[in-house]
Amino acid sequence: MKTAFQSQGGIQIHQFECLSDNYGFLARDEASGEVVCIDTPDADACLGEARRLGWTITQVWNTHWHPDHAGGNYAIKAATDCRIYAPLLELDRIECVDYPVSAGSPLLVGDNLVDIIDVGGHTLGHLAFHIPAAKAVFVGDALFPLGCGRMFEGDPDQFWASLKRLRQLPPESLMYSSHEYTLSNALFAIHVDPDNAELCRYVHDVQTLRERGSWTVPAVLCRELVCNPFLRADDPIISAHWGAGNDVAAFAALRKAKDIF
Ligand SMILES: [Zn+2]
């Protein structure tokens, strides 16, 4: 199994592939030894990776209710007796939740504060988990490199407000998305914004990485701010063309166009 490892600010982040195209993530606080499993796409894979590293999962954070994000809760709880945190708004659709949380709820991994951010739109209660010490944000299916999640439950107002919240994070933040959709997103992005020189370089980098079988996740937020059309629906060029000057209308039109691209 292919895996990757990052360490920053006393937090180790282990990333691995699971299911057909999900990424799994384990984050460990070195000082306390606490280990968070961010989403539970595949309990066997999450537990197996933790075991291989000699880590014990002490917390689960669910970003949203979809089964490839919360389907492993029961088995991971049974194996580890960890504490499970999940979106309050999606409580009726997620198993074994100990702590329903929403934007601003207090959360710690070891002594590290975690910001919980409302990123509803893909689902109504979708949350992102930002660990400032690690310069890392786990965004689930809200935001992808050069794209964003499908709008299954929310509306354009809600989703655009969510993306604007993510834009406020420190630009050096690493964005951990839950799927590898970047190549398809890149083709749409360049269709929307063909004269964006940095986007052209980014698309080239994505093609090179994918040809080698390398991952494009995590992506660094500052590059997304310049290149991701869904984070730039209020850029005058994009909003004029796609929304007659209205940001929300431009976001809605981009999302609709990508669905059938
Ligand atoms: Zn989803």
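Cβ atoms are placed via backbone N, Cα and C, with glycine included.
The Zn(2+) 1 site recorded in TrEMBL includes His64, His66, Asp141, and the single candidate from His122, His130 that the record places there is His122. Each of the binding-site residues Asp68, Asp141 was scored by the other Cβ atoms within 10 Å of its Cβ; the lowest score goes to Asp68. Separating the Cα atoms of Asp141 (Zn(2+) 1 binding site) and Asp68 (Zn(2+) 2 binding site) is a whole-number distance of 10 Å.
The binding-site residues listed here are His64, His66, His69, His122; among them, His64 has the most other Cβ atoms within 10 Å of its own Cβ.
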